[in-house]
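*Asks:* The feature transmembrane segment is assigned by TrEMBL to 12-30, 50-74, 138-159, 171-189, 249-271, 300-325, 346-366, 372-398, 419-438, 450-469.
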Amino acid sequence: MRRMGRVQEVRRVFRSYSLFSYTCIVMSTWEYLVFSLTAGLTNGGRGGLFWSYLIELALISLVTASLAEMASMAPTAGGQYHWVSEFGPPRFQKFLSYLTGWMSLLVWQTALSTSNFVSGTLLESLITIYRPDYELLPWRSTLMTLPSLVVLLVWTIFAHRCLPMLQNLTMVVHVMGCILIMFTIWVAAPHIPAKTVFEDFSSHGSYSNMFVVLMLGQSTPQWALSSMDAAAHMAEEVSDASRTVPRAMVYGLLLNGMLGLLMLITVLFALPDIDAALASPNGPFIYILQSAWSSTGYTYSIWILNIIILAGNIPFAATAARLVFALARDGGLPFPRVFSKIDQRLLVPVNAILVTFAFSFALGFIKVGSVTVYWAFASALGLAQWLTSCITIGCMLWRRVTAPGSLPQARWSLSRFGVPINAIALLFSLYSLFWTVWPSTIPLTIENFNFSGPLAVALIILCGVTYRVHGRKVYISPRERIKQD
């Protein structure tokens, strides 16, 4: 903290295991995987989804390792935008850091809204079980996110000291729930031969080119394996952060990746008819549960998922709020003194938490007016995530090649493998960035158009104009603070 020119303002409540649990619960890989099967099954079939998951897990592990090393060198709530400033080219570091900070903020704020939407969708799934005549409407889906938001708001402000304990308890449900659901599906659901699972490469969408199909299908594993950097943004509340944070990031990804792989294999073996599963109004996973259990049985499964997703949204919200706090502390947001203020009694950034929930609440209500506009914002999430990875890892690779001796000491280091790992991670991030703007279906209409590219360009232009007019005068890049130390 002293090297980075920071003062300790918050309480360090996390230890090794609780931060590991925190990372696993924020990611919730197998939980989000089963609710994002549609894209992968539509574009690639069983075999395409399985092999895409394995490849994505291996490559995202390299991205995580690259970020984990930077977290060891500079454990700070700012995360990526701090690393861009510290390791990037001196001439461009300030603007790139500013841009990365805003893109990271977009990622976490939008992802929180999406996670709350998933929680609300699960609540509606439970309602439809008990009341089959329940009509799914956009305004009802939005209202279903309110109970989750209230729970998150109360917990993140008033019970933050208990968050490590909650994550440790949820971790038990996370692992045991996965095992219980897998066991029941293997016992009760119909199954297909292994050859069909691993060799079925098919398109159930509008594309016929199998390469394009498989590239579009990778969005399912990418979404399920995201958010591994959550621990980095909590670094200032972690004991022995330079060692604990990178370990939590890497080990959390590995455990969740393995649980996700086991659940994916289980689901694919229990999927005899892809078209019927895709046609199900409740999605492929609920279709599988209904084929395995009575309504009482799959109700329990949905309750398990709902508990984990809801509990996972609490650290999700905490992470998003810490990024607001960090960026405001460096003058990167309007009203920086307001949003960077730490409540001296609770020792949490209350104002940053409040603005985080206000954004999530407002974004949810966009869905009431237009589902297309809501998902346009959500679609920009993946692009912004890969853009920040490209900038961050690119800056680290630049520093590693041009001035390796100037890198800070890392207690979790890639050592001599740093250059190849960073290079592969950067190429993969660029490649993934390209496919996030690709149309998911053809022919294009206003309903299926991929707005992530145009929206991201508009946000980058807006960020550039804001920086030119105001940001460069008030934003203090992390590198400037390090020099002052």
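Cβ coordinates come from backbone N, Cα and C, glycine included.
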*Asks:* Can you work out whether the transmembrane segment (372-398) touches the transmembrane segment (138-159), with the criterion being 3+ CB pairs under 8 Å where the paired residues are 6 or more apart along the chain?
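*Replies:* No, the transmembrane segment (372-398) and the transmembrane segment (138-159) are not in contact.
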*Asks:* Do at least three CB pairs under 8 A connect the transmembrane segment (138-159) and the transmembrane segment (346-366), leaving out pairs fewer than 6 apart in sequence?
*Replies:* yes
*Asks:* Any chance the transmembrane segment (419-438) and the transmembrane segment (50-74) are in contact, meaning at least three CB pairs closer than 8 A with a sequence separation of 6+?
*Replies:* yes
*Asks:* Checking distant contacts: for the transmembrane segment (450-469), what same-chain residues at least six beyond its ends satisfy Cβ-Cβ under 8 A?
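*Replies:* Residues 95, 98-99, 102-103, 106, 376-377, 379-384, 387, 436-440, 475 contact the transmembrane segment (450-469) from elsewhere in the chain.
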*Asks:* Between the transmembrane segment (138-159) and the stretches 50-74, 171-189, 249-271, 300-325, work out which stretch tops the count of Cβ pairs under 8 Å.
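*Replies:* Between the stretches 50-74, 171-189, 249-271, 300-325, 300-325 has the largest tally.
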*Asks:* Flag the pair the transmembrane segment (249-271) / the transmembrane segment (171-189) as in contact if three or more Cβ pairs fall under 8 Å (sequence separation 6 or more).
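*Replies:* The transmembrane segment (171-189) and the transmembrane segment (249-271): touching, yes.
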*Asks:* Can you tell me which parts of the same chain pack against the transmembrane segment (300-325), counting only residues 6+ beyond its ends and a CB-CB cutoff under 8 A?
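*Replies:* Here the qualifying positions are 22, 25-26, 28, 31, 34-35, 77-79, 101, 104-105, 108-109, 111-112, 115-116, 118-119, 122-123, 125-126, 129, 148, 151-153, 155-156, 160, 163, 166-167, 170, 173-174, 177, 180-181, 184, 227, 230, 233-234, 236-237, 286, 289, 293, 333, 339-340, 342, 349, 352-353, 355-357, 360.
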*Asks:* Cβ under 8 Å to the transmembrane segment (12-30), counting only same-chain residues 6 or more beyond its ends: which ones?
*Replies:* 160-161, 163-165, 167-168, 170-171, 174, 178, 224-228, 230-231, 234, 236-241, 244-245, 247-249, 251-253, 255-257, 259-260, 262-264, 308-309, 311-312, 315-316, 319
